[in-house]
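Visitor: I have a structure I would like to understand better, so I am pasting it below and will then ask my questions one at a time.
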Amino acid sequence: MSSDQEMAIFGEAAPYLRKSEKERIEAQNRPFDAKTSVFVAEPKESFVKGTIQSREGGKVTVKTEAGATLTVKEDQVFPMNPPKFDKIEDMAMMTHLHEPGVLYNLKERYAAWMIYTYSGLFCVTVNPYKWLPVYNPEVVTAYRGKKRQEAPPHIFSISDNAYQFMLTDRENQSILITGESGAGKTVNTKRVIQYFATIAVTGEKKKEEPTSGKMQGTLEDQIISANPLLEAFGNAKTVRNDNSSRFGKFIRIHFGTTGKLASADIETYLLEKSRVTFQLKAERSYHIFYQITSNRKPELIEMLLITTNPYDYPFISQGEISVASIDDQEELIATDSAIDILGFTNEEKVSIYKLTGAVMHYGNLKFKQKQREEQAEPDGTEVADKAAYLQSLNSADLLKALCYPRVKVGNEYVTKGQTVEQVTNAVGALAKAVYEKMFLWMVTRINQQLDTKQPRQYFIGVLDIAGFEIFDFNSLEQLCINFTNEKLQQFFNHHMFVLEQEEYKREGIEWTFIDFGMDLAACIELIEKPMGIFSILEEECMFPKATDTSFKNKLYEQHLGKSANFQKPKPAKGKVEAHFSLIHYAGTVDYNITGWLDKNKDPLNDTVVGLYQKSALKTLAFLFSGAQTGEAEAGGTKKGGKKKGSSFQTVSALFRENLNKLMTNLRSTHPHFVRCIIPNETKTPGAMEHELVLHQLRCNGVLEGIRICRKGFPSRILYADFKQRYKVLNASAIPEGQYIDSKKASEKLLASIDIDHTQYKFGHTKVFFKAGLLGLLEEMRDDKLAQLITRTQARCRGFLARVEYQKMVERRESIFCIQYNIRAFMNVKHWPWMKLFFKIKPLLKSAESEKEMATMKEEFQKTKDELAKSEAKRKELEEKMVTLLKEKNDLQLQVQAEAEGLADAEERCDQLIKTKIQLEAKIKEVTERAEDEEEINAELTAKKRKLEDECSELKKDIDDLELTLAKVEKEKHATENKVKNLTEEMAGLDETIAKLTKEKKALQEAHQQTLDDLQAEEDKVNTLTKAKTKLEQQVDDLEGSLEQEKKLRMDLERAKRKLEGDLKLAQESIMDIENEKQQLDEKLKKKEFEISNLQSKIEDEQALAIQLQKKIKELQARIEELEEEIEAERASRAKAEKQRSDLSRELEEISERLEEAGGATSAQIEMNKKREAEFQKMRRDLEEATLQHEATAAALRKKHADSVAELGEQIDNLQRVKQKLEKEKSEMKMEIDDLASNMETVSKAKGNLEKMCRTLEDQLSELKSKEEEQQRLINDLTAQRGRLQTESGEFSRQLDEKEALVSQLSRGKQAYTQQIEELKRQLEEEIKAKNALAHALQSSRHDCDLLREQYEEEQESKAELQRALSKANTEVAQWRTKYETDAIQRTEELEEAKKKLAQRLQAAEEHVEAVNAKCASLEKTKQRLQNEVEDLMLDVERTNAACAALDKKQRNFDKILAEWKQKYEETHAELEASQKEARSLGTELFKMKNAYEESLDQLETLKRENKNLQQEISDLTEQIAEGGKRIHELEKIKKQVEQEKSEIQAALEEAEASLEHEEGKILRIQLELNQVKSEVDRKIAEKDEEIDQLKRNHVRVVESMQSMLDAEIRSRNDAIRLKKKMEGDLNEMEIQLNHANRMAAEALRNYRNTQGILKDTQIHLDDALRGQEDLKEQLAMVERRANLLQAEIEELRATLEQTERSRKVAEQELLDASERVQLLHTQNTSLINTKKKLETDISQMQGEMEDILQEARNAEEKAKKAITDAAMMAEELKKEQDTSAHLERMKKNMEQTVKDLQHRLDEAEQLALKGGKKQIQKLEARVRELEGEVESEQKRNAEAVKGLRKHERRVKELTYQTEEDRKNILRLQDLVDKLQAKVKSYKRQAEEAEEQSNTNLSKFRKLQHELEEAEERADIAESQVNKLRVKSREVHTKVISEE
């Protein structure tokens, strides 16, 4: 807490900003018990203070300050903060943070008129509802440049922090001033703009335009003047606020690079134009209408043809017409001057007033209905003439366009008659359109004027949006305003609670995410998302027949009951009807949708718009020049073909677009939040309603903001910046001369400082601090700097003093020496020898002098030569300096160009960021739409499910509704009776109120007369007493202030001297830095020279490497040519050898012939000789050629060896050069690192010195201005003191005379005791009126301080007089009599005193004028000093620019160095490549030798392949042997069958004999058998039908499965691998299928055999003459057996069908694998043919077996065998089904993986929008890895399948071996018996499954039937519900109509 002296700079605002030192000490010493002092919850006051009396069983008894005793729960008691935290400035510092603590802190500060309070990271302000002196100019200067913790909370502090952040962080800032309507947002916005206009003035007067003779102010004046103009046209009185902004504005104040004002612009949002034509009772229209009618400028009344009575104009008089807190006359003057300052021309100004007046006249236009027609006609033309005159229109055309507008019908235009209502609505729409367009045009003109075209870098945006509104009648405007506030609150919540915590997570700080539950997304989505309120409204606007009712119904259908934030309001008595309610963050608002469609479409009369476009009033024509009328559109379509709907944009769509732009702007800035609070609803100063304030605190997230500030780390700074700024705290912690990471340096530095280590955390890039710790570090840094500076000053002063002392000592010694010599000379002066010495001495020295002259001439000549040389050098240096200056200028131009390019790049970057944000928003909208669609689908399905449940409930509801209807009718009658009684009581009360008001008026009139008499006398007395007390007080104040000013002046002079010394030191340090910079430049030049040398070396080495590469290539080409020559020589040599062999062969043949011939002729001998000679010649040639070839080969080998040796030497040289370059590279790196570190230290030192210079310059300028002001004040005060002392004597004499009069008057005031209270109230009102007058007087004369003090003294004297009035009750009669006598005598004296006072007042005015003149001169000096400061700032900026240029040079050098590094690496790579090529050439030399070895390897591989082929042949032979084995087995089976055949034939013969014997008997029972047969056939037919039905069902299932399998086969190429697995199984399946077919045929034949057996058994029974009963039993047994056989046949059929299905499934795979199968089975064709032959033999034998009747047992056994085979088939089928199920599962898994991959791909695409190509590459690599894993898995599966096949083959071989073994026959028979038992159990299971399927079928049909019945019942119930709804609506409408 600062002392009272520190607060003195705030002037009279100090007590309103911070509590005094005395109050703080009292609070600390106040007794306080922390255990018993608490806040307790209380129903009326929300929370009250109290003390705990007792605690029992979770209950606490508390005694409140009012004396009441409350017993509450533990959680309703909150501990109180200690007294030192009373009125604390930052609530985040409180010990106990809870709602009552925050509430009472705000309340106590508000009671002391401290309206600003910090709440963590933002500021809370409470509306005082009165004027406070906290915005004076001295307050602005006091806050300038102050840190947040150095000054009390204020809107100026927030503004200055934003300004400083903008300068330091180089980031755009925004100040968001939010709160409910009437909370003070507009006032705070004005103060922010005032602050920026004051502290960041440009200092340049704006040039006046030659065209307009109007006065225009500076840019800061124009920015300030924009507010009064916009408030006049955009602000109005509402229920909650006298000056409510009815539009939103975002004011951007742009600053240049130096922080000076550059320009400004204003964006406005959603002007409430409906207020132009309609206001509620307690409201009024825009201020401008009432300013014009205030008659402050009578010329406006005449020009606009209006009266001064607002009630003459219905558009502006529907509510109130005056506001107590607004002076419309003064505001008109302010508005008019603002128009002039903002540079509007006189013509534009007149047009603004004219259009405003025309809007007023529009409200008086009257129309009537024509007789016998519905059309409207004008009811008089006077008003229309005025409106048309003001708009420069023809009144007849205007009325015609209103009553008979032209409408397009087809391709023609016709005039259409309008009704009175339509014309009235059209007039209102035109008035609103004219006003709105004029307002928007004014905003664009203001922006044009504020755009000064100066360079601008950053901006601070101030947002002032209409506050949250809850009125009795809330329309579309309120929805838009509340929606804007909802979005801003969501932005605040996201910024404060979400982004802050995400920053912690991103930086790696340990942090648990806190959900504060402040998400407003539900309400925002309800309004703005697809199918939200705005979406439905815009959709309805597109339909021509849409109405408010259809809009309401759509809202109810879409959101009622589905969204928690959307409700249907309950009808309230006495209030306007509401159609729906929305739950906003600030409360529930009831909205009325009447007229929303028209408001949203905003239709205009095109004919009138066309008249406006042709108006002679340029402004009006310009306003509507962009509007597209119907006729213009038609013309446009003929010419250019403009689309119809392109210009149609609804109000809500435009509003959302502007709001989205605003949110985008805010997201791109660093926001500062100011939360405005309404203390009470009655606008009473000083009063605070607890519940209202608590509601706003909860909604605004104040407590949550404090919590995140306390728990989190709101301050953060980069490691490098922290190290640079706070290194001074402990320089020894960071070692000098060695590199250390910024993070480690920061950790060491913080560890070495004595602070709490839990108050900060280290992130990845920043260090984070708790609230307040950074301020503590700043204080420690300031103390350390002050300590260092004082030490430096002390050492400097000591050094200077020692130097001065040494000079003094030397001077003293020299004086002593001179004195001694003079004394000695005086003693010997008259001595004769001395005289002789004086005469001879010069003669002796003449010779020496000549020598000295000669030496001096030589030295002179030398110096002359040196001077000439130095002159030549100087000229050279001057020339160099000129060139360097040119280079410097060029570099500066380059820097400027690059800065401009950088600015353009930043703009492009901003645009890209905006487009990115827009695209993200679009993506988000699309995703949200998709989510909405999914939710709608889910809701529809839920509805469908609920319908069945609701059907049963609806019947109950119908009964309940009937009962409730009866109850409602009864209640209706009761309420009607109550209403009648209440109306009668109201009438009686109205009569009594009227009587009371009459009596009250009479009493007030009587009372007023007495008060007037008393007031006149009191005024006279008060003037005299005030004058005395004023003068005495002035004398005392002047004496005290004079002494203070003298002290201040001395302090200022000392500070000035100190600052001048500091400035000199800073300048010297700057010079040192410049010297260091020059040295660095020289070093850089040296490095550049070295780099150029290195570059030349590298280029030489590159050229050498290229030459070597060329040589290598030439040698390679030469080697290839030589190899080709060698090959050619080898070929020619081979040819020669061949020719030689041929010739030798011919020679031998010829010799043989010669020998055979025995003799030869001489000719033949000669021929032989010739041939031999040729042969010898050819042999010699051949030998010479071989020798030549060997010589050339040797020469080539030698050359090649030489070239290899040369290449080796060159490679060694290159390696040596490489080593040298690497050494130089490392040295260069070290030097570069040294330079970089030097540059960093220089730049840091430069930055620190620049900051010090800026602060010192600011302090110097402030001290100069303060010194001049103090000097001026001292002079003025001394003059006033003398003058006032002379006047005080006269006043004292007059006061003595008047005191006697006062004593007489005081004795006569005792009779007014009964009227004291009334007098006090009237006196307070008078005091308020005098306050207002005093404020106006102070503002006009710029003399606020003195007159305010005088006024306060007057108030004190009045209070004393009031106390005197209360005592003087008994002397009223005497007072009246004395007053009548004395008043006549004292009138003359009073008139004389009045004259004297007038003279003194005139003198005082003259004195004020003189003071004003002095102020003007001081202003000029101030301006001159400011110019000097700006020049200094320009110099600093130049140095900054030079430093930036050097930095840029350094960066360029770094880039060049990096390029050379890259080039070096490339050359290194090329050198390595050349080495590799040399090595490859060396290897190629040995290729010829290795070719033979490779051929040997190939031979070995061929041998291995041959072995493999032999192995395969052996495998095939083994397979053939296996086929032979199979043939052998089949032959054995054939033998067995032939034996069985012989046995069967023998039995057959026996059977035929018995058959012939029994044929006669068969005829008798034939009839009975036929009957049995018919029954059996019938049953079989029924079973066949059922089987067919099942078969069809199974066929359908099979077809569906087949389609699925086909799709799976088509979709996957992986099935090819599975086909390999199925190849072996397919062959077996074919065998099994054929076997099953044969078994089925055998079963059929067995069935027939059983019939024969039945006949035989019956014959045997007749022969044995058994009874009829035995025959029947046998028949029954036969029937059962037949049934069993039939069941077996059905099972066989089922298995056959299953095998057929599996065969169909396998056929598709067979087709694909047929080619490979044919290749593989070509060797097995012979075996298959033999197998077929055997199968045909078996079938023949089986055909013969059909005739056998007696071998039933063998047939049954075969049937059992067939059954076992079928079981095996079933098992194999089951296996196949398992494999298919496995395939299905694999398919599903693969589909799932495909979906996952697709999902990942979608995510990757989304991430690609954010992450870019790197993320895509990562995902692609991941996909490739997954694909590789899938392929490896598939390979493993294929290998497993191959192994499985091998194992299956091995198993088959083993089974064949076991079948050959005869010993296992018995075991196999036992196995067959067991299998038969299993088959029977399988039969039973199949029967049970069939029965279960039948029962399931029946259940399914039953359920389907029930479902259909339920749907029918639901349809019936739904129709009944609709009927009931219609009935209930009818009843509801009846009830409403009856009410």
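Glycine residues also receive a Cβ, built from the backbone N, Cα and C atoms like all the rest.
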Visitor: For the feature region 'Actin-binding' as recorded in Swiss-Prot, pick the matching range from 38-60, 659-681, 889-911.
Guide: 659-681
Visitor: Ranges 1265-1295, 1823-1853, 1885-1915: which does Swiss-Prot label region 'Disordered'?
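Guide: Residues 1885-1915 are the ones Swiss-Prot records as region 'Disordered'.
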Visitor: From the ranges 173-192, 933-952, 1153-1172, 1373-1392, grab the one Swiss-Prot calls region 'Disordered'.
Guide: 1153-1172
Visitor: Tell me which of 266-280, 761-775, 776-790, 806-820 corresponds to the region 'Actin-binding' entry in Swiss-Prot.
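Guide: That would be 761-775, the stretch labelled region 'Actin-binding' in Swiss-Prot.
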Visitor: Of the residues in the domain 'Myosin N-terminal SH3-like' (33-82), how many are helix, strand and coil by DSSP?
Guide: 3 helix, 31 strand, 16 coil
Visitor: Specify all same-chain residues, apart from the site residues Gly179, Glu180, Ser181, Gly182, Ala183, Gly184, Lys185, Thr186, whose Cβ lies within 8 angstroms of the center of the Cβ atoms of the ATP site, ordered by sequence.
Guide: Asn127, Asn241, Ser244, Gly467, Cys676, Ile678
Visitor: When the Cα of Lys185 (ATP binding site) is compared with the Cα of each of the modified residues His757, Thr1241, Thr1255, Ser1574, which one is closest?
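Guide: Its closest listed neighbour, by Cα, is Thr1255.
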Visitor: Including all protein chains shown, what's the count of other C-beta atoms within 10 A of the C-beta of Lys185 (ATP binding site)?
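Guide: Other Cβ atoms within 10 Å of Lys185 (ATP binding site): 27.
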Visitor: May I ask for the distance between Ser392 (phosphoserine) and Ala183 (ATP binding site), taken between their Cα atoms and rounded to an integer number of Å?
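Guide: Distance between the two Cα atoms comes out at 42 Å.
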Visitor: From the Cα of Thr186 (ATP binding site) across to the Cα of Thr1255 (phosphothreonine), what is the distance in angstrom?
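Guide: Between the Cα atoms of Thr1255 (phosphothreonine) and Thr186 (ATP binding site), the distance comes to 33 Å.
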Visitor: Gly184 (ATP binding site): which of the modified residues His757, Thr1241, Ser1574 is the nearest Cα neighbour?
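Guide: Minimum Cα distance from Gly184 (ATP binding site) across His757, Thr1241, Ser1574 lands on His757.
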Visitor: Counting only residues 6+ away in sequence within the same chain, which have a CB under 8 Å from the CB of Gly179 (ATP binding site)?
Guide: Lys185, Gly467, Phe468, Arg675, Cys676, Ile677, Ile678, Gln696, Asn700
Visitor: Near the Cβ of Thr1241 (phosphothreonine), how many other Cβ atoms are there if near means within 10 Å?
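Guide: There are 12 of them.
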Visitor: Of His757, Thr1241, Ser1574, which is closest to Ala183 (ATP binding site) if I measure between C-alpha atoms? They're all modified residues.
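Guide: In terms of Cα distance, Ala183 (ATP binding site) lies closest to His757.
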Visitor: Of the recorded positions Glu180, Gly182, Thr186, His757, Ser1574, which one has its Cα closest to the Cα of Thr1241 (phosphothreonine)?
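Guide: Closest recorded candidate to Thr1241 (phosphothreonine) by Cα: His757.
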Visitor: Which has the fewest other CB atoms in a 10 Å radius around its CB: Ser181, Thr186, Ser392, Thr1255, Ser1574, the listed recorded positions?
Guide: Ser1574
Visitor: Work out how many Å separate Ser181 (ATP binding site) and Ser1574 (phosphoserine) at their Cα atoms, rounded off.
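Guide: Checking the Cα atoms of Ser181 (ATP binding site) and Ser1574 (phosphoserine) gives a distance of 101 Å.
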Visitor: Please state whether DSSP places Gly179 (ATP binding site) in a helix, a strand or coil.
Guide: strand
Visitor: Across the domain 'Myosin N-terminal SH3-like' (33-82), what does the mean pLDDT come to, as a whole number?
Guide: 88
